[in-house]
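**Q** Quick one: structure below, then a few questions.
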Amino acid sequence: MKVQAEAHSKGLTYRTHILNHLRHAGSPKDIPSSTTTPTCSTRTSQASLHNHQIIDTNQLYAENASLKHKLAVLASENRCLRETISLLKGNIRVVVRIRPPTAAEVAKPVAVHCTTDDTVVCDVGDGRRRAVRLDGAFGPTSSQSDVYEGHIRELVHAALDGYNSSIFAYGPTGSGKTFTVFGSPESAVHTGLHERILRDLFSARERLEQQDMLLSMSMVEVYNESIHDLLAPGKPAVKVFSGHHHREGKSDVFLEGLSELPLATFEESLKILDAALATRRTSTTNLNLHSSRSHCIVTLRASQRCPYTAVTRHGKLNLIDLAGSENVGRSGAKGNTLREAQLINKSLSTLVRVIRSIPLLLDEHGRVV
């Protein structure tokens, strides 16, 4: 007990000593003002800064919402303008491209002349000429870029806006249809429409930072009245049937089991295209060393959600390289090649009848009823 009391007494003495020391050393007059005032000032500054940050953040949110609204309005107006331009130009447009003469044709007189950017003059014999007015005309010196910039690029933009378009390369065998559509590997100047379209689609995705933009491609050939999937060689002929398409949201005619590959990069897309084209049927005739014996249809789909309107749009662009109409007497077609030519000519005649009937089905707004 005595030991505990002494320890307790020593503890009290020590604590009393500390308290007295603090009492004398901690009086306000002994403490410099700089040790207390900045504490209060710092807290006030931090609170003020925090309030300003809240105000600035709210202001940024408001400005961001306002800009999004303006962009949504502009996107809607832009889409309306594209639709107006399309209606003014017409839903069906005819553009002619005259290829340069071959080595065997150089010595022969030229029968077709491109006089303006929308007029072609044809020599019909006996010194008579016939002028044809078109939506566009490109002479033999025109480039692949001229054709693309003049009439195709706008259709790529339309596809990104959710519209569907089809581009037909139509003409006699050896007239340069496949060259225009798919180009030649000899030079970048000869790059075809398909590669230019792909480049613009991927550029748009990168420029708009639309990583959620989905691009896909399907590719078929119509050979001897059978449809074959070029992205799945060796697969049985694709069947055609009509019904309600869940993606299109309407009744339509479509292909059952058709391959549709997603396109991740521009380079990958070109590899897919090259592999598919390698399986397309061609043959040699008197008029064309590499005559396409089938109609080739490439379908590119673009799906994207507009960040300003929160609307998802689905656009489609069909690029069709038709087999050439053929004079079997001049081409020297025989056997299987002759049968191919006959079926090609038959299908092209059917296509002409279909296109001629379209204006009869349009309403006052230029839409198919």
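Just so it is clear, glycine is given a Cβ too, placed from its N, Cα and C backbone atoms.
Those TrEMBL annotations? Automatic predictions, nothing curated.
Since this is a predicted model, take the numbers as computed values, not measurements.
Summarising the annotation, TrEMBL assigns region 'Disordered' to 24-45. What TrEMBL lists as compositional bias 'Low complexity' is 33-45. Sequence annotations record features per position, and here TrEMBL assigns domain 'Kinesin motor' to 91-369. Here TrEMBL flags G171, P172, T173, G174, S175, G176, K177, T178 as ATP binding site.
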**Q** Which Cβ among the binding-site residues (P172, T178) has the fewest C-beta neighbours inside 10 Å?
**A** P172
**Q** Return the average pLDDT for the domain 'Kinesin motor' (91-369) as a whole number.
**A** 88
**Q** Let me make sure I understand the structure: which of the binding-site residues listed (T173, S175) has the fewest other Cβ atoms within 10 A of its Cβ?
**A** S175
